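As structure tokens, the structure follows; a few thoughts come after it.
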Amino acid sequence: MKVAVVGATGMVGEVMLKVLAERNFKIDELIPVASEKSVGKQISFKDKLYTVHSLSEAVEKRPDIALFSAGGDTSLEWAPKFEAVGTTVIDNSSAWRMVEGKKLIVPEINAHLLTKEDKIIANPNCSTIQMVLVLAPLHKAFKIKRIVVSTYQSVSGTGLKAVQQLENEMNGVKGDMAYFYPIHRNAIPHCDVFLENGYTKEEMKLVNETQKILQDPSIAVTATAVRIPTSGGHSESVNLEFEKEFDLSEIRNILSNTEGVVLQDNTDTNTYPMPAFAHDKDEVFVGRIRKDTSVKNGLNLWIVADNLRKGAATNAVQIAEYLVKNNLV
Ligand code: 2RA
């Protein structure tokens, strides 16, 4: 298997390499790819050094799989070029997610939709992946009518510049700003850019991607996305309204049997998910499970995951594993 990692020197690209190594993904030839300024540099993978290639060099090598995390513009321009030489692209940008005919995959939920013909496969946004992984089995059992989600997002979701901004501010050092405002000792209700409807792009990703993955445009979703001074993972307060009645024991039972989900839910022992503990883990953690007593069939959840792992790199590598296992590449 020839595997290209496009954006190999970026934050998500580095985690992709780490996850590929950890999961022992079978690679005969690794092709790290990055922008012109990194071409020729060396990166290390499983104790060996590899030279970083340009996008056109990588296309010439005709990889079987290309994991992309290099931004939407690069993906729009280059994913079709890889597709043209027979590569299957798994893309972490938002470029293809809502394009009709392109599949938006969280393997535990909908990998069965994939066929050999899918040459550009979209990885959902981090905040969507962790939420839908928990919601999919609950939707199946009790049918979700409405979702109200508020996110508490890690600076690592913005990128290295934001991680550095937080570190600089904590150390009292002046430096470049990734945000319009200080992030240390702050909460910024502004993730990605504002749209005409008053929501941010990040908030609308939660709306549109959730409906697409759960294959149900009738689910009403409203979101508020907030950046907070953590770097290990995203947290989400999720309020649900179901069509059917449920018992909390049924919810806990379903979630404790859901692949990729870990229940951390015991108020007696102060057990609940937190980003400091979800960091560097591949699972999605859920807790604070309780009825919303203000509405019929209402439920509250608190969901946490490492946004660079299950929210990006791990999910992409799991898609690649599914393709290989089912002879789809
Ligand atoms: C974030 N949506 O802002 C991003 C990362 N994909 O956290």
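For all residues, glycine too, the Cβ spot is worked out from N, Cα and C.
Copied over from TrEMBL, here are the features:
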DOMAIN    2-117  domain 'Semialdehyde dehydrogenase NAD-binding'
BINDING   T9, G10, M11, V12, K37, S38, S156, G157, N307  NADP(+) binding site
BINDING   R97  phosphate binding site
ACT_SITE  C126  active site, acyl-thioester intermediate
BINDING   Q153, R227  substrate binding site
ACT_SITE  H234  active site, proton acceptor
Of T9, M11, C126, Q153, S156, R227, recorded positions neighbouring ligand 1, Cβ under 6 A: C126, Q153
Entry from the binding-site residues list T9, Q153, N307 having the most other CB atoms no farther than 10 A: N307
Determine, to the nearest whole angstrom, how far the Cα atom of Q153 (substrate binding site) is from the Cα atom of N307 (NADP(+) binding site). 9
From the recorded positions R97, C126, H234, pick the residue whose C-alpha lies nearest to the C-alpha of T9 (NADP(+) binding site). C126
In whole Å, how far is S156 (NADP(+) binding site) from R97 (phosphate binding site) when you measure between their Cα atoms? 21
Hey, of the recorded positions listed (K37, R97, R227, H234), which one tops the CB count within 10 A? H234
Return only the integer: C-alpha distance in Å from R227 (substrate binding site) to the residue listed as 'active site, proton acceptor'. 9
